[in-house]
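Peer 1: Take a look at the following structure, please.
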Amino acid sequence: MDYLTMSECIQLSFAVCRIGIYTCFRALCCKGPPPPRPEYDLVCIGLTGSGKTSLLSQLCSESPENIVSTTGFSIKAVPFQNAILNIKELGGADNIRKYWSRYYQGSQGVIFVLDSASSEDDLETARNELHSALQHPQLCTLPFLILANHQDKPAARSVQEIKKYFELEPLARGKRWILKPCSLDDMEAVKDSFSLLINLLEERDFEPSRM
C-alpha cells in the first residue's frame with residue numbers, strides 16, 4: 001500500500017507539473033496582443049495666451065523650450081492609459097477665431113482653455129467664444145472639458161467665480177461638461193481632468209442611440 005501511495009503521488013506530481021507547464025505556455029505563447037486603445041478626435045480652442053499649446057506639449061512630454069504659440073492649427077496625439085486623444089488645437093488670435101467652425105467637423109469632444117487670470121476684456125471675449133462653441137450645431141451635443149488655466153497666478157479667478165461669470169449652469173444645462181482649475185505646475189491634475197473627459201467620451205460610445 002505504501003508503494004502504491006508513493007506511485008500515485010509521483011503520477012499526481014507529474015500531472016500537476018504538466019498542467020503548470022501548459023498553463024505557462026498558454027500565457028506566454030498563445031496570449032493575443034492587448035486590445036487597441038480607442039482613439040477620439042477632439043478640438044481644442046481658447047484665446048491666445050490661454051495656455052493651450054503649453055498644456056498639450058507638456059502632456060506629450062515635449063521640451064518647454066520648443067513651445068511656440070499656435071498661429072493656425074496643429075494636431076497632437078496625446079496618449080493615455082485607456083485612450084489616445086487626437087487633439088486639433090486651433091490658434092486663438094482675433095483673425096483666426098472667426099474660422100474655428102471650419103475645423104469642428106468630425107470632432108467627438110471639445111477642450112476649451114481659458115486664462116483665469118486674464119483682463120476683464122479678455123475674460124469677456126473668452127466667455128462669448130465659449131457660449132458660441134456650446135451652442136454650435138456641430139459641438140452642442142459633445143462632451144466639453146473647460147480648463148481654467150493659470151491658477152498659479154495671483155490674479156486667477158476661482159472655479160466658482162468662472163462658473164458664475166460664464167453662466168455655465170444655465171447655459172450648459174443638459175450638456176456633459178467638466179470645469180476644472182489647472183496650471184503647468186500641477187500636470188497630474190491636468191491628466192486627471194482629461195481622464196474625466198475620456199470617461200464622458202466612453203459613456204457617449206455606449207449610448208443606445210449610437211448602437
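Cβ atoms are placed via backbone N, Cα and C, with glycine included.
Bear in mind that the values here come from a model prediction, so they are computed numbers and not experimental data.
Pulled from TrEMBL, these are the listed features:
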| type | residues | note |
| --- | --- | --- |
| BINDING | Gly46, Leu47, Thr48, Gly49, Ser50, Gly51, Lys52, Thr53, Gly92, Asn149, His150, Gln151, Asp152 | GTP binding site |
| BINDING | Thr53, Thr70 | Mg(2+) binding site |
Peer 1: Fill in the CA-CA distance, Ser50 (GTP binding site) to Thr70 (Mg(2+) binding site), as an integer in Å.
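Peer 2: Just about 11 Å between their Cα atoms.
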Peer 1: Counting across all protein chains shown, how many other Cβ atoms sit within 10 Å of the Cβ of Asp152 (GTP binding site)?
Peer 2: 14
Peer 1: Out of the binding-site residues listed (Gly46, Thr48, Lys52, Gly92, His150, Asp152), which are within 10 Å of Thr70 (Mg(2+) binding site), Cα to Cα?
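Peer 2: Checking Cα-Cα distances against Thr70 (Mg(2+) binding site), the binding-site residues within 10 Å turn out to be Thr48, Lys52, Gly92.
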Peer 1: In Å, how long is the longest CA to CA span across Gly46, Leu47, Thr48, Gly49, Ser50, Gly51, Lys52, Thr53, Gly92, Asn149, His150, Gln151, Asp152, which the record gives as the GTP binders?
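Peer 2: Binding-site diameter by Cα atoms for GTP: 22 Å.
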